[in-house]
Each structure stands twice: as C-alpha cells, then as structure tokens.
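What TrEMBL says about this one:
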type	residues	note
ACT_SITE	Asp407	active site, 4-aspartylphosphate intermediate
BINDING	Asp407, Thr409, Asp805, Asp809	Mg(2+) binding site
BINDING	Asp407, Lys408, Thr409, Glu522, Phe564, Lys588, Arg617, Thr697, Gly698, Asp699, Arg779, Lys785, Asn808, Asp809	ATP binding site
DOMAIN	85-144	domain 'P-type ATPase N-terminal'
DOMAIN	832-1059	domain 'P-type ATPase C-terminal'
REGION	495-515	region 'Disordered'
TRANSMEM	42-65	transmembrane segment
TRANSMEM	141-160	transmembrane segment
TRANSMEM	322-342	transmembrane segment
TRANSMEM	348-367	transmembrane segment
TRANSMEM	866-886	transmembrane segment
TRANSMEM	892-914	transmembrane segment
TRANSMEM	944-964	transmembrane segment
TRANSMEM	970-991	transmembrane segment
TRANSMEM	998-1019	transmembrane segment
TRANSMEM	1031-1050	transmembrane segment
Amino acid sequence: MSFFLLFFGLPGWNSFFALLFLDYCSLEIRDSCDNVTRGLSFAAHFFVMMMTFFILSLSCCDCLARTCRRTKELKARTVWLGHPEKCEEKYPKNAIKNQKYNFFTFVPGVLYQQFKFFLNLYFLVVACSQFVPALKIGYLYTYWAPLGFVMAVTMVREAVDEVRRYQRDKEMNSQLYSKLTNQRIPADMIFLRTSEKTGSCFIRTDQLDGETDWKLKVAVVCTQRLPALGDLFSINAYVYAQKPQLDIHSFEGNFTREDGDPQIHESLSIDHTLWASTIVASGTVIGVVIYTGKETRSVLNTSSPKNKVGLLDLELNRLTKALFLAQVVLSIVMVALQGFVGPWFRNLFRFIVLFSYIIPISLRVNLDMGKSAYGWMIMKDENIPGTVVRTSTIPEELGRLVYLLTDKTGTLTQNEMIFKRLHLGTVSYGTDTMDEIQSHVVQSYAQPQSAQAPKAAAPPKVRKSVSSRIHEAVKAIALCHNVTPVYETHASVNGETESTAAEADQDFSDDNRTYQASSPDEVALVRWTESVGLTLVNRDLTSLQLKTPAGQILTYYILQIFPFTSESKRMGIIIREETTGDITFYMKGADVAMASIVQYNDWLEEECGNMAREGLRTLVVAKKSLSEEQYTDFENRYNQAKLSIHDRALKVSAVVESLEREMELLCLTGVEDQLQADVRPTLELLRNAGIKIWMLTGDKLETATCIAKSSHLVSRSQDIHVFRSVSNRGEAHLELNAFRRKHDCALVISGDSLEVCLRYYEHEFVELACQCPAVVCCRCSPTQKAQIVHLLKQHTANRTCAIGDGGNDVSMIQAADCGIGIEGKEGKQASLAADFSITQFKHIGRLLMVHGRNSYKRSAALGQFVMHRGMIISTMQAVFSSIFYFASVPLYQGFLMVGYSTIYTMFPVFSLVLDQDVKPEMALLYPELYKDLTKGRSLSFKTFLIWVLISIYQGGILMYGALVLFESEFVHVVAISFTALILTELLMVALNIRTWHWLMVLAEFLSLGCYIASLAFLNEYFDLGFITTPAFLWKVSVITVVSCLPLYIIKYLKRKFSPPSYSKLSS
C-alpha cells in the first residue's frame, strides 16, 4: 500500500514581515496647579514615566501582534502539470509550524506574556523604583533577586517547551514524500492516477473528520486512461481549483487538457480530492498538489494554539488588584496622618514601596512550582498509566469543569463492529447460536438446486422453511453492500512503473484478505457472512463474486447501485445472477425508512425497539425479484432522469422509489459498536459529579444516537428529541418552539441544522441546549466543534473541557479551557495538541475527581496563605510606622526580608501541595463532592476577607506585643517580633493542614532548625546575648500563643458544630 506524490508547480512562498517603526517623541506632562507642581519630585516624574512607558509598550506589542497575524487573501489557482514556471502566484511552503516564537521574538515575547499581567508588572515597577535614591527603601537584591528568579524560571520553562516543539516540527518537515507506505498525505491533491484497475481507491479520513470509515475516491478519467505513468509529464494540461475553503465535504474545479483535438474538459468534485492528513488504504496513487501548508483543509480547520490561563490565576489577579488598591489607600492614610507636610508626594511613594509586600512576589513562584508538582503527581499515578501533562499551567482547571465535550469515534467507542443478532420474524439468532445458521447455509449449498436463487414466479404466500429463509437472508447480506475485498501485495512496487506485475504476486487466500468499505457496519456484516460460510472474494465496478462453503465461485453482475445517504437512510443494489440470469433488487436501511417499503408485518417495529434498547445498530434487509421487462423499463426511466438538467435529484429519487414498493422483508440485523473499557460507569460518574456531557461527532445521526444510548450518555428513562433538519429562519423558529415544549430530554441535532440555528437564534438555542441533561451534535465539522466550545464559554461563563483522539478534534481541544487528548488508533495528533494526554477514556474519572480536586484545593490554599504571609508583615510595618510618628522606615531589612519569604517559611508553606481533604477512594465513591468545587468557594472574596482579618489580627498582636514587652533597645523589638512571626507562620501552616504527610513534618522542623541555626549569623539584626535569655523565650511564647490560640479554638468549634460535607463522609 503506497502512493506517489508529484508536486507539480507550487513554488515556495517567500514570507516577509513588515517592520513597524515607533517613534516616541517627547512626553510633556503639564499641570496648571502650582501646589501640586511644587510637590512633585523627581520620584514622581520617574513613576509616571515608568507607568506610561509600560502602557505604551503593551499597546504597541498588541498592535504589532495584530499586524503580523494578518493573513494573505486566499485565491483560486491554476496548477499546470509538470510546468511550475507557469505558476505566477507564490504559495505557502508545505511545512508544519507549531512554535510560538523565533530566535528574535523569544525574549520580547516571553517578557510581554509575563508583564501583561498586573502582578508581574507591579513588581517590575517597584524594583525599578529602587534605582531612585529618594525612593530606595532597602537593598536592591531584596527586590531584583526574587523578580529575576521568577523570570529565569519562566524563560527556562518556555525555552524547553519551544525547543521540544521545534524538534517535533523539524522531524515532521524533514520527511521525504516521494513515495509513502501507509503514511498520511502531506498536502491537498487532485487524484490523477491509480494502479487499481477500477480507477478508484479507498482512503481513510480519520484525522480529518473523525470517521474511520473508508471513503471511495475516483481518479480523473483523462489521466487514468494514459498508457504509461510518464505520459503525465508529456501532456499539456492544468487543474483549476477554487480558492481554499474550510468545508472538507465540497470542492469545485476543472481539469483541462489543451493538446487534444478537441480540448478535454472534465469537472472535478470532492470525489477527485485527496485531502492532507488522510491515508490511502491500498494501491498506488498519483496526484497533483493544489493546496499546501496553511491553505490545506486540515490546517484551515485547526485553530492556532493559544496561551491558556486558568480561572484560579484570573481570580488571584483580581485579588492582587484589590490588594494594590488597599496598599495605595493605606499609604495615603499614612501620609494624611502626617498632615501632608514636607515632600508628601515622595513619602507617599515610599510608603507604597514599603507596603509592597502586601502583594508577595513569591505568590507567582509558589503557584508555578505547585502546578509543576501537581503535574508530576498526575504522571506518576499508577492508576492512570501513560498520562502526560503537556500544559503545566492549568492543572487546577480539572477541578472546575462544568461541561465536557467529547468525540465519539475512538473516544467513547473502539469503532469495532461486531455482528450480534439476526432476526427472521419468528426466530432470532444470537452469538451463541451462529453455528445453527452456518449448518443451514452449508446444507443449502450442498443441494445443487438450492444454490440457485428462488424463481420470481414462485408464489410469495407459500411459507418457506427456516433453512430457506436463512439462506436468502445471508445471501442478501452478502450481496447488498459496497464492500471491496483487498489482498495485500507481497512484492514491492517499482516507483517508475505501474504495479501490474505486482498483481500476479498477490495472495488471494482467506488469511490475506481484508475488507474496505465506507461504513464499518457493512464490513461487520460481510465478515459475518464469511464466518457462516458465504465469502465475498472479489469485486469490481461491474460484478462481485461469492464463494460457497463447498468452494464454488458464484458470480453476480452489478446492474445498478444506490448508495446510502443521510436523507434516504438506505442503500440498494440490483444484481443479475450469472448462472440463472435472475434479476434481484436488494435493499437495506434504517427501520424508519424501510417500514413503509416492506410488506406488512407485525414484528419489525417491536424487534427494532428491543435491539435499540440493547444498544445495537439495526438494519432492515429486503428484496424484490424483477423480470427482464420490469428492469428494462426502470433502466430507461432511470437513465433519462440522470440526464435531466432541472431537478435531477428529485427525478432520480422518484424513479428509484417506484421500485421500492411491497418489498419482501428478509431479516433484521443487529450490530454492536464496541465501547471503550468502562465508558458507562465513567459517564455515570461524571454525571453524578454535575458535569454536563455533550457528544460532538462527524458521524451519522443514527449512529450517534445509538452510541448515546448504548454508552448510557442518555439514560433509559430519558426521552430523545431529534432536532428536525432546518434550512431557513422560519423552520428553525418552529423547531425551536417545538423543542422548548420538551422537558428533561436529550437533544440530538445535525451540524447543518445547528449552523442555521446559530445564525438566527444563537442565544435562544444555547439557552435551551444548556438545560438538557445531554446533547449530541452529529455531522459536525472540526470548526463547528470549536465554535460550540466558544459558545458555551461565552454564554455560560463556565469552564469547559474537550476530549478527543483524532486530528479533527484538535480545534475543539485547543478552544476549550482544558483539552484532553487520547492516544488511540487515530494517531497522536490530538494527544500532542492537548493539555493532558491519557491512554483510555476511563482515566478521565480519576483525573478530574482526584487530581482535579487536589490541584484546585491545594492551589487555592497555597495562594491565599502566601498572600496572608505578605499581609501580616505589612500589617506589622503599618503598626510600627504609625507608632513611630508615621515614619517611612522599614521594620525589617536585608536578609530578614529575603529569609522570611524563602528558607524560614518556604518549605512549610509549599508543603501545602501535599495536603488533601478527601482520600482518592472517597472522591471516586462520592462524585457529588465535585459539585462544590465548581462554585469556587475555596477561593473567593469571602475567604480572602477572612484571611485579611486574620492577617490584621495576627500582625497587630505580634507588633503591639513586641512593643509592649520590649525593654530598652529597639533591637529587642525586632528580635521578639520577627521570631514570633516565624513561629506564627509555622503554626498557621499546621493549622491549615487537613492530612499530614511526613514531608510536611520534615518541612516544619527543617525551617525551624534553619532559623535557629541562622541566629548565630544575624548579629547585625539581633542581640545574641538577649535571644538566649529566658525573658526572650517567654515573651516570644506569649505573643505566639495569643496570635494563634484563638484561631485554633475557632477551627475546633467550626469542625464540631459546622463540619464540611467531606468530613461527614469520612466519619
């Protein structure tokens, strides 16, 4: 299985970037108020200029980014075969690029991404202010060292990710595509020639539309008839192709050969295309490339990756803005209490810098390190092996999800069809009784007369034997399909010649045979007929051959074939048996379409319902014997209808329907699509957790509905509302009104109807759909999947998660707040583009219930505690300054401030990433606990205000206690208050821990040991003689007990009289 690519005439595109030159002229700040002008110092000028500079910089970066993102206008093109010099336009290079930056934009790009957030921009301005002597508070390293560390960690992480993306892109772009064997097509092509005698081949489109059904593609007739492959270069021909579009199911173009007399013109449609990312399933294919790079259908349907920011980060960003406002207000109060005397404006900025620890820079470091720890824990979880965290910045999003949008094929199902049931009306056969069918088939073909089809003149009312009915049903299933048997070629094919010689080396044995079809259901049916003795051994455009259990080959000529469509919901075939000349019309289809076609019966509707409740996909099989005169009349009318210019489809349909009357019902088949392991309990778990599940698939409506039932996405007690196909505003309005009257029912809607509803009634449709317990969207394009995600995010403001396994799911995965990819049969494209990669769908339960919960709870606790650590020391600074005549003098300087946020408290605070409120077994047993997480109560303005009050209380106690108990020298106040502060923080960490881990205990004692050991080297700040006295110990102990004991008492009372829900379950 291989194909050749001839890249005819698409030269590379020389990219260029417009340079944007920004000329900043002088910035003049004028003020008419003389008093304010006199109060403005150099510090004020510096601060205003710094803020103005960064605002302008961010605005210019946004403008530059928008300019660079402008896309070139897409145009139609004419591509000449073998003459690239005739192409006037330049087209994109056929290369994959997933990198965010290049060599020149890496540093500016990373800095822009970091400083566009208020938190980092604030720290940069504060650090820069320390270069101004009038604003300098302490040592420069106390401000620049933490900021530099944060930036270094961020840049290293981004650099590692960027190098990995570059290596993956380089590996893909360096592949040679002159000859492919079972690889994906790298560019959009027009199908010119194939080694298959039929002039057609099958391709797999799993990475494009999510369907692993094989699609039949037809070569251009003019080039297929050329005597040799080399003639492609000698003819004077070109392909006209429409401009690149998103729609993967349509194409318009023309093929023209100019050196003929007359010129040859052939229209091109979707049947002549080979889109990039599809796979040629068999044979050798020659094509001309028409679209490359970012103009291919697959790339146009893939959204560009964006930097995802978690909801917790946005909430913390809002809280830091509130803290900054409080910091400014506190600074103004301090200056106001001074009476605005002297250079009050300078003092105001000094107080702002002095209270800058209200917003701790370690917040960003701790959260990023915590997220990395959560990712490591997820990947090391033995219960979900193979899980990979590709985006380490949003693990807490797994604990906030409300909507889960899932693909069907390969995600919920294995896409492996198994024949389960054959019902003949009076008797039903299951998997355990298939041997009876086989014996009946063997017996039928053992008798010479039974090998022939029943005569048309036979009276239809005569009751047939069970053996005869089984034989007719199996024969009908073996003939009514579009399946083609394929035999693997053992000999290698010479790239310069046709593969005719290789056909002689093919192995036609049963072991070497595989089946190709546009539907896996049909393959399952043909495999089943093979298992019971009737085998399809050969098929071309005009005939097919069956092998009986005795080894006899029966040939049937294909007179007409009517393919399956979503409108007709059935397919038919008219065949003529070679030995008898009998003509028979076979048809199979959905029960809703076949019920009015077959003769009256009293069992079909009931049995279809029974099979559907078992999750089986049903097909009704029927036949009609035709005389020679009947067929000739039909053929004339059918050919005449196909030549009609006006209303051709309607006339052809009417002629075919004239045959579809009073057909003999043969049997009802039931096929099961194998679900992935533990899909049903996993979906039940997610539903109980309050997560609404939407299934978005490119598959047919009937298939999607069947899987929704069998997977229990839709419970048995729920009704299903199938949204009628609509094409205009009026129809959409009527159907929405009908849907509005339904209550507690699942919705099933097609992509076309969805597009119409969103065009005219977007808000109304989303509002109604969000009230449904489950939604199934079928026939969705990749772009529509991403659009649905955007709509849910826009209209509900809830967090969304998308999960899929194919290339057609990439846009949806990247658009969602949290994207999960499954490494499956459809490749790793979705897995590589996702934030999290898993190996099985069932792993999503533990990923959300356990790791999502822990990540969110831990990040919320860690973030608030780090802010508490900054607020408590700022409260102490405010009390100190207010007592000492509102002086803008720092309470602690140098190493004390650096050590406070690093070696003295960092390990215990960071150990909160090991805390858990609920054991994993309990979280999986009671998924209802997950509902509380989506309300965001762990981090809210309420919990934030509680921590503010705690910080004010403890900061006041620590400072006032030290001032009351100090004796004569100021250095004693620093020693007592700072030691009490360290002990208070260690005790507060212990207070917040719900489940102790041995590393937590180690972190507590390690930090305490580091502080005690460092006292010997802090003689610059402490009186070593005083801190070894009993007075120091009892004063520190009293202050620490007063600051912490009330909080321990409150926690005990709250747990006793108002325990949280999870503690009730644990007890």
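Each Cβ is built from the backbone N, Cα and C atoms, and glycine gets one as well.
Bear in mind that TrEMBL entries carry predicted annotations, made automatically and left uncurated.
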Count the Cβ pairs between the transmembrane segment (348-367) and the transmembrane segment (892-914) that lie under 8 angstroms and are 6 or more residues apart in sequence, then report whether there are at least 3. yes
Measuring Cα to Cα, how many Å separate Asp407 (active site, 4-aspartylphosphate intermediate) from Asp809 (Mg(2+) binding site)? 7
So which of 141-160, 866-886, 944-964, 970-991, 1031-1050 is most in touch with the transmembrane segment (892-914), counting Cβ pairs under 8 Å? 970-991
Say we define neighbours as other CB atoms within 10 Å of the CB. Which of the binding-site residues Thr409, Asn808 has the fewest? Thr409
Chain residues in Cβ proximity to the transmembrane segment (322-342) (below 8 Å; excluding those fewer than six residues from its ends, i.e. six or more beyond): 118, 122, 348, 351-352, 354-356, 358-359, 867, 871, 874, 878, 881-882, 886, 888, 944
Cβ under 8 Å to the transmembrane segment (141-160), counting only same-chain residues 6 or more beyond its ends: which ones? 101, 106-107, 110-111, 114, 120, 123-124, 126-127, 130, 361-362, 364-365, 368, 392, 893-894, 897-898, 901
If you count the other CB atoms within 10 A of the CB of Asp805 (Mg(2+) binding site), including all protein chains displayed, you should get 32
Among Arg617, Arg779, the binding-site residues in question, whose Cβ has the most other Cβ atoms within 10 Å in this structure? Arg617
Can you tell me which of the binding-site residues Phe564, Arg617, Arg779 is spatially closest to Thr409 (Mg(2+) binding site)? Compare CA atoms only. Arg779
By Cβ count within 10 Å, point out the most packed of the recorded positions listed: Asp407, Asp809. Asp809
To the nearest whole angstrom, what is the C-alpha distance linking Arg617 (ATP binding site) and Asp805 (Mg(2+) binding site)? 23
Including all protein chains displayed, how many Cβ atoms other than that of Gly698 (ATP binding site) lie within 10 Å of its Cβ? 29
In whole Å, how far is Asp805 (Mg(2+) binding site) from Gly698 (ATP binding site) when you measure between their Cα atoms? 13
Just to be sure I understand, if DSSP states are collapsed into helix, strand and coil, how many residues of the domain 'P-type ATPase N-terminal' (85-144) fall in each? 31 helix, 0 strand, 29 coil
Tally every other Cβ atom lying within 10 Å of the Cβ atom of Phe564 (ATP binding site). 20
Compute the average pLDDT of the predicted model within the domain 'P-type ATPase C-terminal' (832-1059). 89
